[in-house]
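Student: Grabbed the feature section from TrEMBL, which reads as follows:
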- B:1-26: region 'Disordered' (REGION)
- B:30-144: domain 'Acyl-coenzyme A oxidase N-terminal' (DOMAIN)
- B:T150, B:G189: FAD binding site (BINDING)
- B:294-458: domain 'Acyl-CoA oxidase C-alpha1' (DOMAIN)
- B:E443: active site, proton acceptor (ACT_SITE)
- B:502-670: domain 'Acyl-CoA oxidase C-terminal' (DOMAIN)
Amino acid sequence: MPSPPPDWVKALKPGGPQGSELLAQERAQSNVDVEKLSELLHTKEALERQDKLVKMLQPEKVFDKSQNHSLGRVERLKRALAKAKRLQQLAEQNQWSMEDLHAANELIGEPTPYGLHASMFLVTLREQGSPEQHKLFLERAEKYQIIGCYAQTELGHGSNVRGLETTATWNPEDKTFTINSPTLTASKWWIGSLGRTANHAVVMAQLFVGGKNYGPHPFVVQVRDLETHQPLENVYVGDIGPKFGYNTMDNGYLLFNKVKIPHINMLARFSRIDKETNKYVRPSMPTLVYGTMTWVRSNIVLQSGGVLARGVTIATRYCAVRRQFQDRDADPNAGETQVLNYKMVQVRLLPLLASMYALHFTGRGMMRLYQENQKRMQAAASPSQDARGPGPEELRAGADLLADLHATSCGLKALASTTAGEGLEVCRRTCGGHGYSSYSGIGPFYSDYLPTLTWEGDNYMLTQQVARYLLKSARAVLSGKAADNDTSRILRNYLDRRDKGASFDILEEDNDIVAAFAWRTAHLTFEALKHRDAEKRSWNSLLVDFWRLSTAHSQYLVVKNFYEAVSSPELSQSLDQDTKTLMHQLFRLYALHTLEREAAEFFSSGAVTVRQIGLTRTTAVMKLLDEIRPHAVRLVDAWAIPDWQLDSSLGRYDGDVYPDLFRRASQENPVNDLVFDPYPWNEALLKNESPKSKL
Amino acid sequence: MPDFTDTLRPSQPDGPTTLARERGQSDLSVDGLSKHLFPADGFLERQARILHILQKEPLFSKEKQQNLSRVERFKLGLARAKLLRRMTDQHRWDHEDYKMAQYLVDDVSPYFLHMEMFVTTIREQASEEQRAYWMPLIESWKIIGAYAQTELGHGSNVRGLELEARWDSSTKEFILHSPTLTASKWWNGSLGRVANHAIVVAQLFLPKPGSPEQYVSHGPHPFIVQVRDMKSHQPLNGVVIGDIGPKYGYITMDNAYMLFDNFRIPHSAMLCRYSSVDPSSGTYTKPEQPALVYGSLTYVRANIVHHARLVLARAVTVAVRYTAIRRQFQDRDSDKNGPEMSVLDYPTVQIRILPLVATAFALHYTGLSMQNVYRATREDIESGDFRSLAHMHSMSSGLKSLCTMLAADGIETCRRAMGGHGFGGGSGLIQLNNDYLSKPTVEGDNWMITQQVAAYLIKKMTDAVESINTPGTDETDARFKEFIRAKRQAGASQPISLSNDQDIVKSFELRATALAYDAYEQRVLKKQNWNSLLIQLHKLSKAQSQSILVATFFKALSTDQTLSGPTKTVLWDVFRLFALYTMENEGYEFFRCNAVARSSLNALPSRVQGLMARIRPHAVNLVDSWKIPDYLLDSALGRYDGRVYEDLYNRAHRLNPLNRITFNPNYWEEEIVMGTGENGRNILSKL
């Protein structure tokens, strides 16, 4: 690393008020009880765990983050594997729970090559394996004696699982399956942990028995030798190369040239081949599988609040420290204005601050519903629902609450991850020029987060499922056979009041805001129904309408969940009056800012008047920005994201933005080790280097 | 090494088949449209000629560059920049040829600031004598320069810069000094490791006439300063310089920090074409036209606007070709046994990509017109006429803000519309995204600079109100006066019904004018606080710039003589799609300004979808017309021949250095690479 700067540089301080002073001033002007609010958001237990883990991990050199953004792909992956190994050793030594390991992974701040083994491989074996298979595969996998991944997506197919091309053909003569890749597009692709790390994979393949296709099913396939770690014969496996982000993960490709695996390797909890009769035995409880999807998506919603909070924490603290221009209308000798005082900065940042709370509470609400529902489902599970085809995304009647929850999770996953992903980029740009530096801590994190917008259901594709569900519910409401759930209620309420009109007082009454969002959703649902059923428009021509409908519905859900959370007894009991009021203001900011952005739909559905929108824009939102502004720093402090996790010069808790940027640039930047020869006619790149070295 | 995967083919219909059908189904003339886009300036001829030379040089191969570390990638960038400069001599390239080569290689060159801002500033702000001394040194590359304005603590607010240049009347020198850490120069390209000279912008401090002990600041001024030793390339004594570290993009650029410790430079270092210090008396001569210092910045902004079209054209080329080839799900309403649908047939994909295809054309025409306005203004200034400068400055600010936002967000929208593979290194949009995303905050933050547009328009409106009875002095003035008169006479006028293309343009102009009037009313009449108006002013700037894009597009098509038949018809649809899609997104504002009839507004979604359906068959031909070579695209997804999957597989399987390494996956063994014993500690110690 470069030599330290001379003394005259070391002696320099930032000009004007110091970052620490500015943040102290910010924290002094607000009375938000940060500790109480943190506990409400995360629980005391989680905060203590986080403290303990930071103290344990941060001093270890292997977890050093300073070179993450300077290294090449190969070195990064090597280091990521070293981190993953060390975490696993620590987990074993300290007998970590799943939560501990998960929290530790969050703190080290990048995906590791064990990621898919620890999540999807173990989960799939556990949920889809028979007891015999648990003994054979799961027990060894839990001890990392075998390391696996989950190989579903192919080069030519992602969302459409039924279109997968890899085949698994049953051979009655020797009771084996042949796994084969008939085309290049059949290559498994994007499979995390497979590229260089895993020696086993759960492979989704089209099952063929006696010439008949039974759709995609999961098979456990060994892909590498347990001693040499080389691919087995007729298996082609490797890493797919550098990506936009996620470069510490070895996403892999995988091809099979007629590889035979034994009967026991087809995961058989739900469907299997009878070894004696060579007959396919149908799945018994498919809804449980589809519950997993719902769980995964609910988790994405819950995490999206925290993801966004990282960006907002960095941008809020930095914009409080950064100063730019004197206020045009103020005393010209006053110092420059904190960037956070600019209305055009507030209007980008503070609605995101409100969104992170909104998404967090919505995610919490979803998880609670999911858990309640799982209990009910398990009590009432009936084996008669076996008509479901092999596609994982099909809806079946029968479990109304789950259907509602499933549709809800699809729409919210799309809205929440889009809000968080795009919000991070807004935060980065709000930081101006320094946001472009990797030391801002936003850019690299954004790149790593972006796949979430595509995986577990592409955000645009998912909206079709929401629309399908809403249309179905609307038909049921019209025919008087609707299930008793919230969706049916808002649709019925709209029909009842449609002739009278809405007349919601969104500027004064919080519950009227929720009602206005419900109204717009119901209006768009019946509009879409008219297009589809009465006008017989094609499904494809309505996709844009469906996408808008799904977005509207999900925004309603967020508004509703946020409102319920800020009005809940749990919140009342844990917060003081001022902080509670502030939570209501955040709710209003989220809701009214969203309403203003979607003004045309609210207006044309008759949920609000043009005058109300005008007042929302010019008065209500501006007033909320003024009310929330003094508390901004404390509101991000309450998320309690450790500096080590933020890994950001701009977002440091202590506000020492400029010294930290300078320290990293001058001390942690390997480019400064080299003295270049700048002249074009000298082929040598470095001073005192022979022209033919390297490259 | 051959293996069984060599014989595998993608499932049918494959990329080449699909693209052949796409190209066959459209009667749009690709070559005709290309000639229209790149007419007499020889762009396409030059592109073909330079491309041919570049592709023979292994150093310019882009195959593995994404895997490199920052240090290695920077070295590669410098090596290429050097070679390009040598090839310029070897092949007798002119400046346009060189720029073409640079564009095709697509690295941000570490020489960029030397060739642009450094030389431009000397040319525009140095005195004749200074030019005579420095220009030969620069043009012969005896010195290499950079431009150091922005500081750690100050970007947009140039007046807030902290670096001091203090006149020492005893030695007739300036003393450059960084009084604080935030005074450190920061972000200055080409300076971190490469340049040995720099234009340094510093606050000029001169002794107060009469009391020489006291110093008075005269604001920021440019100085030319040698910062590194010409032999050892080490920073001179009293100067600390380095590269600021890894960034979101711009990996091959050595953006710098730089600090001075009472560093002395001669009197001649101050660039004195417009303002100067008399060496004997220490008195200051003011520039006649203070806005002139912004000249180079305006030039840079005009270039950024012009460049945006090619950036977006690149992104939509990739997105259109790939989404035509990519198939996903059968159509719900059709035969379940047919092939899966082309993703580009989904309206949810079309609405993300096709308006951007249209935007690329909108940017094209406005980029061209900006260049012309810039040239004309420059000529005016050279001849001592400064009247058009304010207009130029406002226009370039607003368009820079809107156009870079459209292009930056457009790249990312295209990338995401391509689903999973858009995230992969084979998309060709990753470095483009990384590099281009600097643009919204560089050379004037996109939100900050919209204030300049608004301030200009408020002033124009004030003038128009005050001189309402005289004829309009320019287009804007005439439009404003017409609006004010209509407002005074009738109150609310009839909203526009969008029955023809001219109406669309009028509607955009009316909305921009109405917003300008609102702003005037709030600020001038009601004396509202500037800060409280910022959001509204930003919207005004956006409306004004959108109106320019729409009007320029319309004018270009109306006056064009080069296109005919189906090509012209399609391009008019492209114009309508751009305009109406933009209007739909701003629907509430158009409605509120009475700039469009409610029935027309309600019809927009279906009109937009109808236009997309009409343009869809021509999508591949439209992007082909930009003639972006595969070498520049560097994209498996966007290849001209459509061999998407073969290329993705080739990159993964054969070009990926990671696949030459076998890892040891067992967590209880410290070894990372199988058989080498290399462990975490070894890896760390190498850093």
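Glycine is treated like the rest: Cβ placed from N, Cα and C.
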Student: At the Cα level, what's the spacing in Å between B:T150 (FAD binding site) and the residue listed as 'active site, proton acceptor', rounded?
Tutor: 10
Student: As a test of the contact definition, list every same-chain residue at least 6 positions from B:G189 (FAD binding site) whose Cβ is closer than 8 Å to its Cβ.
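Tutor: For B:G189 (FAD binding site), the qualifying residues are B:V108, B:P110, B:F112, B:L113, B:A146, B:Y147, B:Y250, B:M253, B:D254, B:N255, B:A256.
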Student: On average, what pLDDT score does this prediction assign to the domain 'Acyl-CoA oxidase C-alpha1' (B:294-458)?
Tutor: 88
Student: Go ahead and report the DSSP secondary structure tallies for the domain 'Acyl-coenzyme A oxidase N-terminal' (B:30-144): helix first, then strand, then coil.
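Tutor: Secondary-structure composition of the domain 'Acyl-coenzyme A oxidase N-terminal' (B:30-144): 84 helix, 0 strand, 31 coil.
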Student: What kind of secondary structure is the residue listed as 'active site, proton acceptor' part of, going by DSSP in three states?
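Tutor: The residue in question, the residue listed as 'active site, proton acceptor', is coil (DSSP, three-state).
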Student: If you draw a 10 Å sphere on the Cβ of B:T150 (FAD binding site), how many other Cβ atoms land inside?
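Tutor: Total other Cβ atoms inside 10 Å, all chains included: 20.
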Student: Secondary structure at B:T150 (FAD binding site) (DSSP, helix/strand/coil)?
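Tutor: Assignment for B:T150 (FAD binding site) reads coil.
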Student: When a 10 Å sphere is centred on the Cβ of the residue listed as 'active site, proton acceptor', how many other Cβ atoms does it contain?
Tutor: 22
